[in-house]
Every structure is written in C-alpha cells, then in structure tokens.
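K.L.:
First the structure, then my questions, so here it is.
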Amino acid sequence: MIAIIDYDAGNIKSLQFALDKLGVESVLTKDPKQIQVANSIIVPGVGAFRDAIASLNNLGMAEVIKQEAAKGKPVLGICLGMQLFYETSFEDGEWEGLGLLKGTVNRITDAVKVPHMGWNTLTKHIDNNLFKDIPEDSFVYFVHSYAVGGNYEKETLVASSQYGGIIPAIVQKDNVVGIQFHPEKSGAVGLQLLTNYLEMIS
Amino acid sequence: MLAKRIIPCLDVDKGRVVKGKKFLNIEDVADPVELAKRYNREGADELVFYDITASNEERDIFLDVVESVAREISIPFSVGGGIRTIDDINRVLRSGAEKVSINSAAVNNPDLIRQAAAKFGSQCIVLSIDAKETAEGKYEVFINGGRKNTGLDAIQWAKHGEQLGAGELVINAIDTDGEKSGYNLALTKAIADAVNIPVVASGGAGKLEHFSTVLKEANADAALAASVFHYQEIPIPELKEYLQKENIIVRR
C-alpha cells in the first residue's frame, strides 16, 4: 500500500489512476497512522509551496513524513512534492521545507518563459535502476515555475533537463526520490519510470 | 530541448464532443473519452476540453467526463468553459485535469486569476482570450462565447493576465476560427512577444504549413486545433513528422 499525501491542492487523481494502471494499491490520505503503515509515501505535485507546507504542518503530516523517511521508508516527491523535500523555497517569500534533501528552490530565470511548460528531454547523470528501460533524451512533461537551485548535492542528480540552465529532473538520496516533471502525465516513459520506482521499493 | 506542443481541442456539449464554426452551428463529432484515447495514442502533447454547456446538472456530467479522461490518458489536459470561482477550479483539478482555462470570468473578475494562481500555482491557471480585429491592427477581447465585446485591448489584457499570475495564454482568433485559412499570425506574435509566459495559438488551422508558420514565425509555444484532428484531415503523427522536417522540435 502506497500512501499519497492529500494536502488539498491540485490534481492527485491522475497519479492514482496511473498507479491503478500499474496494479498498485494506493490511498489518498491525511491520516498520520495510515502514512505510518504504508510501505511507501508519495508527496504529489501542483500547488503553491507556502500553502502546501502549511497544510502538511497543520495536519501533522510533515513530522510523520520526516520520521518515516528517517526510518528508511521510500518517499517519492513529484513536482511540488519534490520541492517540499528541500530545506528552503523562495516561492513568494522564504519558506522552510521538509529538509530531507539539502538545497533550495528558486524561481526559474526570466531569460526563458516561466513557467517551464511542456515536453522536455532528459539527460542521464547516474545509470541506476530508476532509469531502467528509459532511452536517453526521452521527452517528459514539465510544468513548474520554480526548480531546485545550485546548492543541492550533485551526487543526488539522476537526470536533468535544460531550461535556462540545468533543471534537476530526477534526484535520489537513498530512500528519498524526487521527480520534478509529472511521470503520471509523461506517456509511456512516465509509466516506465513509475514502474521502475515501484520495483525499487518492492 | 523544450518541444513545441500540438494540442487537439475538444468542445464538449452534454457529454459529447461537438465542433462549431465561429462559435455557432454546433455539430456532433464523437465521444470525448474515445477521442481523448485516440489522441493520447497518436502522440498529441496535451488536450484541451471546453465545456460549452453551462447548467449545473450538465456541469456534473462534464466533471464525470473529465475524470474518465484522466483515467484513460497519460498526457496532460486542461479544462475550460464556465469556470467562475475558486471552488469550480478546485473541482476541475480534483477531477483529474492539470490546468484550468479561464475566459469570461477573468474579464468580469480579474482578481479570480490572482487568487487562483496564489492557491493552485500559476502553472495550472490558463487565461483564454477570444480576440477579434475591430479595426485595422486593433484586437479587442470578446466574452460570452464571442458574443460580447469588452472593449479591452487584447495585447494589454494578455499582459495584465500575466501580471495577475496566469501561467499560460490561449489566444483564440475569432476571425480565423473554423476558416482553415491559417492562424492569425499578427495577433499571436504581438502577444507572444509581449509576455514571458507560454502562448498557445488557436483558430484557423487547415494545413500542415499553418502549424509550422505559427510556431516559427509567430513565436507560439503550442498550436491548438479541433476539426482537422477530429476528422483526421491532418493525422498527428504526419504533422509531427512534417514539423520535425521543418526543424521544429517536437516530441515523437
């Protein structure tokens, strides 16, 4: 059972449908107990950082996610969910994140159109199981205005994309995985990536 | 490299896809879920659904369609038509859409865009603008399905929408809509050059060249079309192959 964190924002259905397709049981939840018993936690995307982290804190979920991640439970953050894993976000102010990963979240440079919206190619940095059966330069779907910035741990970078500079696209540090794009909306490549993640945690 | 996007648009009325010309003469085309599956398979980059009905009862039917589409496809889609409140946006996003497209309601209440962007993030708030040339080189914003002239200058309204927090613009050229004589390049380019958010060109696609022209010359980030795709006059795989030959980056 995978616990998908429900923080009252954005499109979570697509992710549930994708997991259904892959034959994995998931539950959308705000209940810390359910999060504790799940074998993996997914923090989904879409929304604004400030509201998302406030919801996680107010509902007592931030603490549970940190505790479970510290115990080694696999946690996956998608889009905003990935950004929430970092220490600080500068989206409309300065907000403290979950701090599972070192680094900050900054606005994408105005030298390019913001949001970064659409299908962009992936460049592989680490050949690990997450990237199994995914061809180099595969297109995946991004939609975000903020991205993980320059001071993250470079050895966590599994894949990146280019958009006004380097955009960390897939990051991994032990049991913590972040995906900046939307695998649930990235066609066959996205489903393969989710399959790889599910194999990794099973 | 970021690809230019090809976006089929599905106008949905009482649970069916329909096709209008200049927003009138509605014709029945297909089942929205079946058509969405076809486009997903054929390599469309994104889909747009416009709910062209407005009653509450029909709205619920439409939300069921949104959820069924989200279950069946693995590409993003946006939803527009009759979205007036934060609650409307929330329901559409929670039914499985990536983005919402706001048109008349944004003109009537610009603060809706600001509030929605603050709550859900700019990336899922699309400002849809119906524009018509009212004098030589002058484009004004129309609302209520193209029936009412607001007197707003389309380029100024696009810039204002960006400031309010819209994450993308869809520019529907009323004059060229359904004519298949090409997109309105002047309008699209004027807006694409005036803002720093993605611009989707809409209205007028009839031939392969129309797509390459609007993506190259008018700086559009995406091109939207309906009937040429619905009736398979232009199959999407063929269009993508053509665009690639024209040195336009597309997802294949």
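Glycine residues also receive a Cβ, built from the backbone N, Cα and C atoms like all the rest.
Annotations in TrEMBL come from automatic prediction, not curation.
According to TrEMBL:
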type: DOMAIN; residues: A:4-188; note: domain 'Glutamine amidotransferase'
type: ACT_SITE; residues: A:CYS79; note: active site, nucleophile
type: ACT_SITE; residues: A:HIS182; note: active site
type: ACT_SITE; residues: A:GLU184; note: active site
K.L.:
Note down the number of other Cβ atoms within 10 Å of the Cβ of A:CYS79 (active site, nucleophile), including every protein chain shown.
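P.N.:
Around the Cβ of A:CYS79 (active site, nucleophile), 27 other Cβ atoms lie within 10 Å.
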K.L.:
In sequence order, which residues at least six apart in the same chain have a CB under 8 Å from the CB of A:GLU184 (active site)?
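P.N.:
Listed in sequence order, they are A:SER14, A:LEU15, A:PHE17, A:ALA18, A:ILE78, A:GLY190, A:LEU194.
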K.L.:
Would you count the other CB atoms within 10 A of the CB of A:HIS182 (active site), including those on all shown protein chains?
P.N.:
26
K.L.:
Give the distance between the Cα atoms of A:HIS182 (active site) and the residue listed as 'active site, nucleophile', rounded to the nearest whole Å.
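P.N.:
Each residue's Cα considered, A:HIS182 (active site) and the residue listed as 'active site, nucleophile' end up 7 Å apart.
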